[in-house]
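Beneath this line is the structure, given in structure tokens, with notes to follow.
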Amino acid sequence: MGSKGLKGVMVCLLILGLVLEQVQVEGKSCCRTTLGRNCYNLCRSRGAQKLCSTVCRCKLTSGLSCPKGFPKLALESNSDEPDTIEYCNLGCRSSVCDYMVNAAADDEEMKLYVENCGDACVNFCNGDAGLTSLDA
């Protein structure tokens, strides 16, 4: 992967961080800041709750509200999670995948980016995200 592809992957990861900030999923973790929430969500794609909460300075809670000083709670159980996932996919594809398509050098590379980026958005929004390369 050339520097153009690496730059695209870096931008993709940054935009996914923004998506994480906007799309909340049901959970029982509370974080002090949005950065902590993003850290926790990204960590949870591979790590355990307790480890991620410690590393990202978040707290695990069994209730629907967060302790004082930890305002960043994921959506409560009455949320419309399917709508959230649908909007996550739409936002991910329109921002991240559009950027990747515009960065493609030719039609073949563009098709590869569209296919892999769409799959990555589905996995990301459904909570199955892993850090993988787009040139698989």
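Placed from the backbone N, Cα and C atoms, the Cβ positions cover glycine too.
Swiss-Prot has this to say about the protein:
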type	residues	note
SIGNAL	1-27	signal peptide
DISULFID	CYS30-CYS66	disulfide bond
DISULFID	CYS31-CYS58	disulfide bond
DISULFID	CYS39-CYS56	disulfide bond
DISULFID	CYS43-CYS52	disulfide bond
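Sequence features annotated in Swiss-Prot and their locations in the structure.
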residue: CYS30; record: disulfide bond; DSSP (3 states): strand
residue: CYS39; record: disulfide bond; DSSP (3 states): helix
residue: CYS52; record: disulfide bond; DSSP (3 states): helix
residue: CYS58; record: disulfide bond; DSSP (3 states): strand
residue: CYS66; record: disulfide bond; DSSP (3 states): coil
| request: For CYS52 (disulfide bond), find which of the disulfide-bonded residues CYS30, CYS31, CYS39, CYS58, CYS66 come within 10 Å, Cα to Cα. | output: CYS39, CYS58
| message | I'd like to confirm something. Which of the disulfide-bonded residues, CYS30, CYS58, CYS66, has a Cα closest to the Cα of CYS43 (disulfide bond)? | response | CYS58
| task | List the Cα distance (Å, whole number) between CYS58 (disulfide bond) and CYS30 (disulfide bond). | result | 5
| Which one is closest to CYS56 (disulfide bond) in space, judged by CA to CA distance, out of the disulfide-bonded residues CYS30, CYS31, CYS66? | CYS31
| query | Counting only residues 6+ apart in the same chain, whose Cβ is under 8 Å from the Cβ of CYS39 (disulfide bond)? | reply | CYS31, CYS52, VAL55, CYS56, CYS58
